[in-house]
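Copied over from TrEMBL:
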COMPBIAS  272-284  compositional bias 'Basic and acidic residues'
DOMAIN    342-612  domain 'ABC transmembrane type-1'
DOMAIN    644-868  domain 'ABC transporter'
DOMAIN    978-1260  domain 'ABC transmembrane type-1'
DOMAIN    1296-1530  domain 'ABC transporter'
REGION    266-292  region 'Disordered'
TRANSMEM  23-44  transmembrane segment
TRANSMEM  56-76  transmembrane segment
TRANSMEM  126-147  transmembrane segment
TRANSMEM  167-187  transmembrane segment
TRANSMEM  454-474  transmembrane segment
TRANSMEM  480-497  transmembrane segment
TRANSMEM  546-575  transmembrane segment
TRANSMEM  595-615  transmembrane segment
TRANSMEM  969-989  transmembrane segment
TRANSMEM  1022-1052  transmembrane segment
TRANSMEM  1100-1133  transmembrane segment
TRANSMEM  1203-1224  transmembrane segment
Amino acid sequence: MAANASYVDRADPDLPICLEQTVLVWIPLGFLWLCAPHHLISLCKRTTKKRMSKLYLCKQFVVSLLFLTAIASLAVTIAEGHGPNSDSTQTEKIAGVYYANPVLFAVTWILLLLCQEGLRRKEKHVDSATLFFFWLLLVVCDIFPFQTLIRAALREGKVSDVPRFCLFYISFGLELVALVLSAVADISPEDKEHMKKNPEKAATFLSRITFNFISSLVVKGYKRPLVQEDMWDLKDIDTTDHISQVFSSNMKTELDAARVRYQKKLQKRASSKRDKAQKEDFHDGMSNGLGKGVSQDVLMMEEKGKKKGGKKKKNKEQSEDYPNSWLVPTIYKSFKWILIESAFFKLVQDALSFVSPQILKLMIAFTEDKTSYAWVGYMYAILLLLVAVLQSLCLQQYFQRCFVLGMQVRTAIMAAVYKKALVVSNDTRKESTVGETVNLISADAQRFNDVTNFIHLLWSCPLQIIISIAFLWIELGPSVLAGLAVMVLMVPINGLIANKIENMKFKDDRLKDLLALILKLYAWEPSFQAQAEGIREKELKVMKKFSYLSSVSTFFFTCAPALVSLASFAVFVSVSPDNVLTPEKAFTSISLFNILRFPLAMLPMLIASIVQTTVSKKRLEKFLSGEDIEAGAVQHDSSFKTAVSVCDGTFAWERDAEPLLKNVSLEIKPGQLVAVVGAVGSGKSSLISALLGEMHSTKGFINIQGSIAYVPQQAWIQNATLKDNVLFGSPNDERRFKEVIKACALEPDLELLPGGALTEIGEKGINLSGGQKQRVSLARAAYSQADIYLLDDPLSAVDAHVGKHLFENVIGPKGILQNKTRILVTHGVSFLPHVDEIVVLVDGVVSEVGSYSSLRASGGAFSEFLDTYAKEQRTRTRSESELLPDSENTDLDTPLEDVVSSTLKRENSIRRSQRNSRFEYSRVVRRKNSSVKKTEKADDLTKGQKLIEKEAMETGRVKFSVFLQYMRAMGWGYTTMAFVVYFIQNIAFVGQNLWLSEWTNDAVVYVNETYPSSLRDLRVGVFGALGLAQGLFVFLGTLILVNANIAASRILHERLLKNMMRVPMIFFDTTPIGRVVNRFAKDIFTIDEAIPNSLRSWILCLLGVLGTLFVICLATPFFTIVLVPLAIIYYFVQRFYVATSRQLRRLDSVSRSPIYSHFGETVSGLTVIRAYNHQERFLKHNEITIDENVKSVYPWIVSNRWLAIRLEFLGNLVVFFSCLFAVISRDSIDSGIVGLSISYALNVTQTLNWLVRMTSELETNIVAVERVSEYIEIENEAEWVTDTRPPKDWPEAGRLQFENYKVRYRPGLDLVLHGITCDIGSAEKIGIVGRTGAGKSSLTNCLFRIIEAAEGRILIDGIDIAKLGLHDLRSNLTIIPQDPVLFCGTLRMNLDPFDKFSDEDVWKVLELSHLKDFAAGLKEGLQHEVSEGGENLSVGQRQLLCLARALLRKSRILILDEATAAVDLETDNLIQNTIRKEFSSCTVLTIAHRLHSIMDSSRVMVLDAGRIVEFDTPQNLLSNKGHFYAMAKDAGITQQDSSTAL
């Protein structure tokens, strides 16, 4: 080896030839021989013939040429040894290598030919990583002989061995060509199309490790905003279908095992309970237990049990009553390969990260030792670059795998939950609301996603910590412990703060009060604004506290590295005078401390998120291991003669609950129409549910023959087009569709809907009225052509005429379903004479069955039922007689049709012109690409026909003005101060490190002298002071920023709220409430939380990067040359990335909501889906929706890696150049500075990466400011209070005058009221009637100035209302609206938001509105919390509350927008009577939808097309036989009716 040492120990080193010819040849060849079997296997398999591509032929050609060179070099050797001109002296000189190597090569090339053929035959393979590596190794190993030969030739001035020299260079050239070829993708033409849809499949090895394949998408995203259509198809392994199959098969085995464990546990628990019971008996025998020397351990157990039981009783019970701890093993089994791969990459990356500090150490030693050769320095520089590049590659592969794993876990959980939701039993369903179930797939699945991203840190963090400490120990000895102690102390402090922060996070919903409408009608805005602002102030207070705490934690985090190094160095220097801080020691330690920062910061976060995930895990396990619905509840035995038979069935909703239906026996023959009647709560709907198999049968059985169609009591409508709702997955048959639509009286509706049958219906059918929803639901059943129809009271939600029409054309003996078996639950007495059989239910027992006449005669429960509904009966006698198919009534057909369509149109008008629900109607969002055929109708969409503007999705770069706007909101003073403070902090940081390099240079100065202790103390003191200064400045800067951000948040929210309270109603017409809520929820949240964080990080990152570059340039001025090109590249990469990433994030959130809404829809429509047996279709749909979302998540993950790897390469270049220039100028600079500049550079990669991330995030988040300001700038309605104030008791008389009043909804639309003129006296009772669009509701809206006059005026007690402030006007009128609207809050707040009235007053009105008993019965009384929209009250109670509201205000003018549609007859009467009594002295305007209620008015106003056509007393109008008479006739009211009413 001595000889070999001389090769290296000189200024121009070289490797010995024997090494070059042996080891360097064997390495690549050995690698290939090891990997060859992998390729040769596919030669043995029989595969389809694939065409040979040009590329393949080129590769084979190059290898063949190489084979020839090997043969040639063998020939040369043989010729030299045994040729004619060889003499014996030369023979000895030819080494065995010259024989062996050509032979080895020749064999290898043959092997390689076979390998490439094997690769070609593989399906879907475009290149081979192993072959690429082989060529790379070969070329790298051949570089050494390459330069050796050239140097030898140059030294000697001639080439000594020409043939070998030539052959070597020829083969080297060929190897280079082969290397290039092996890096190119070989795609066969048949795969080309396939690969176009997903370029990743065509990506070569190089492209995969650098993520180059996504470049095409990134460039596209830079040129124009990406849309969903640009997204690539998923790889098969990423599809929901594939993932959920793997996951559910694993889940089944794990869950079964868990169930077994759970059963065992239950048995154990039961037996231990028995034992305990016995022991307790034994205890009670002893008086008081103790005195009598009870065995001590029993007592101990008792005590323990008590302690635990007290605290954890509830918890324990909950956590343990289902099979648990199977979800994590399932996830592991399903995704173990990806986990193992990512773990491998992480391990390599961790190992490599410790190599850099060691090379740095060598590098510093090299600059100190001026005698060492220059090439050593260059070697270190190249080594550093290689290590860094490898580290980057491994890290990015690891991240890629982890994020994809997270995405797959989320997909698997979402799919599993959805699948489960379709089969879940009612017991499990009852345990959680729809919202909670949706939460499982939104929040909990996302949590798993987030935690799996970083799961490997669980082992990697401790590993990194241990290795760092070991290396630091080598450097500094035991004094490391001082630094470590500081770090370990930091962790709990940070943890504590984080904990504090977690507990304080709360977001209050200030949104639910956004039901602007009612506020406007009651003039309640100020109260709600004050409330919202109060809540907001609380929130900001919490935010401030939260931000202060987090700035403390930032302070610690910033100080940490400084404090840690200070502690270590100070202890190190002061332990013994021999310890001198050299540059190697100092900077190596600092790089190691930098490595340590990451795991120490991450561990507490990781543990916190794992704790959160366990909560999610419990929820998911509980839901997924819940019971399924019983499969065999309903039998389908074809031997029965009946269509439906129930034999002695007893049914309950839950396993252990009281049965609701007892001993039911029914036989229904095919084709019969059977009505089920009974009082409310007698079990009619339960019977239907039992037939559907939704109930728990405790005894008896049900047999059903044929398929089922089901119409639930509350129609379930999907968010799809109206046509899709009716087809419901059946094939489209235009003729049948038309027939069904006609029979279900949906034709008039289709004319009114903007897109006809292709109108998109909003979620929960928001743009349809109740009656329309019910008819769509019925049409769905009628279209499905099932054998058995279960109709659960479908006629309740529609008007009498429409009900009659539906019965005649769909359900009844002459309807389109006449030959099917129909079971109809109904309250409509008038239909009963036409059914084949009536089943009467009383308290869950079938009391009688028979035909109408026989039951009527028997005088049992049925006749009681009839008497109960006699009131209704009386009003319907006429219509009943009309229903009877009498000969004389045949001509009634024509008017009947008319009645129906008029009623329908009226239903619509209630919906349309009714200003209240107008903004719901506005949700008729037509899909932007909805396939509405462009009929003439669609073309001449007149101005203002389309209600909804499409929400603007911002695209492209955010304008700079938005940043300025935000800064203005923060305040310029704050902004500049923050910047200055951060800048000073950065100077302190740089100063500290420069000081450190000075300090380390002392080691050179005082080489053989003792180090003066005064100097030592100075060094340590200044170092520490600068470190503290940094922390303090960051703390200060953060505090300033926090205050600035809170100021900005407050200002923006205040402006938004103020403006939203003042916008005109038109705005709410054209804007779905969801968008407004979104501004208050998501955007304000972003302004509160996200922007401050990203802004702070961005400033710190930016300054950090600038500081680093400054230090490197200071150390090695050469570096400035490289800086410019690097900066340019950086800028471009960043611009490309930000544009694409921003758009991908937007696409992700856009495609995410359909998953949740579809899921929520499914859960709420579960019974319907099961009844029609459409589970499979919905599963498929869910898979498609999830896939659509993953399509935008996956490119986002890859684009992040694309960016990271490019930036890390840039960072690695920075490191490389800083090393290179340090080597070049090593004579002129101190080793301390070199250490400083390189350790800085090593840190720059991550900071660069962060900077781009933050820029992107800041751009994405600042959009929120843009969206909020868009709503701040909407113009307002008239002033709330003007100079003209009305007198105190105005309106005293309550006299109303309309003078030539005209109005239109929006500028550019036609008039709605054409010159109304009338005079209404004090205390008159006026009924207002009219067909659709007659302008009834517009009239009330004008009184409240919800819409302003086009011309003319309204006088109330002689005062022109247009001159008053809106609040003065609105607070003096009272309205009982059509849809009762309630807010979240207490009952009392709902009645009296301003606290104007005393409690007695409130109780009094509750008594008058028949709610006193109800309210008194509540636990909290008036403080009872009303849930959103009043969900926890019945519709009747909500209506009565609105009445109470009106009674409390008691102004002289009352407007009643008649809402009796939602109320049963009883409540209706209560309301009518109270109004008659309490408002006898007031002017009352009633908009009537049922004529009965206005037959007792003093006058009736008949409106038609915005004009008054008749205005007189009901008697006169009836005798005039005009419009009113026609309407009354339709409603079956005659003269004598009206006289009785009066």
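Going from the start of the chain as shown, residues are counted 1 onward.
Cβ coordinates are placed from backbone N, Cα and C, and glycine is handled just like the others.
From a predicted model like this one, the values you see are computed outputs, not experimental measurements.
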Range from 167-187, 454-474, 480-497, 595-615, 1203-1224 with most C-beta pairs under 8 A to the transmembrane segment (56-76): 167-187
Distant-in-sequence neighbours of the transmembrane segment (1203-1224), which means Cβ under 8 A and at least six residues beyond its ends: 210-211, 363, 366-367, 374, 377-378, 380-382, 384-385, 388-389, 392-393, 395-396, 399, 1109, 1112, 1115-1116, 1118-1119, 1122, 1126, 1129-1130, 1133-1134, 1137, 1141, 1234, 1237-1238, 1240-1242, 1244-1246, 1248-1249, 1252
Contact check, the transmembrane segment (1100-1133) vs the transmembrane segment (969-989), 3+ Cβ pairs under 8 Å, seq sep 6+: yes
Segment proximity, the transmembrane segment (126-147) to the transmembrane segment (167-187), 3 or more C-beta pairs under 8 Å: yes
Averaged pLDDT, computed only over the residues in the domain 'ABC transporter' (644-868): 86
Leading contact stretch, 23-44, 126-147, 969-989 vs the transmembrane segment (1022-1052) - CB distance under 8 Å: 969-989
Surrounding residues of the transmembrane segment (126-147) on its own chain - C-beta under 8 Å, 6+ positions past either end: 14-15, 17, 20-21, 24-25, 27-28, 31-32, 35, 38-39, 112, 115-116, 119, 168-169, 172, 175-176, 178-179, 182-187, 201-206
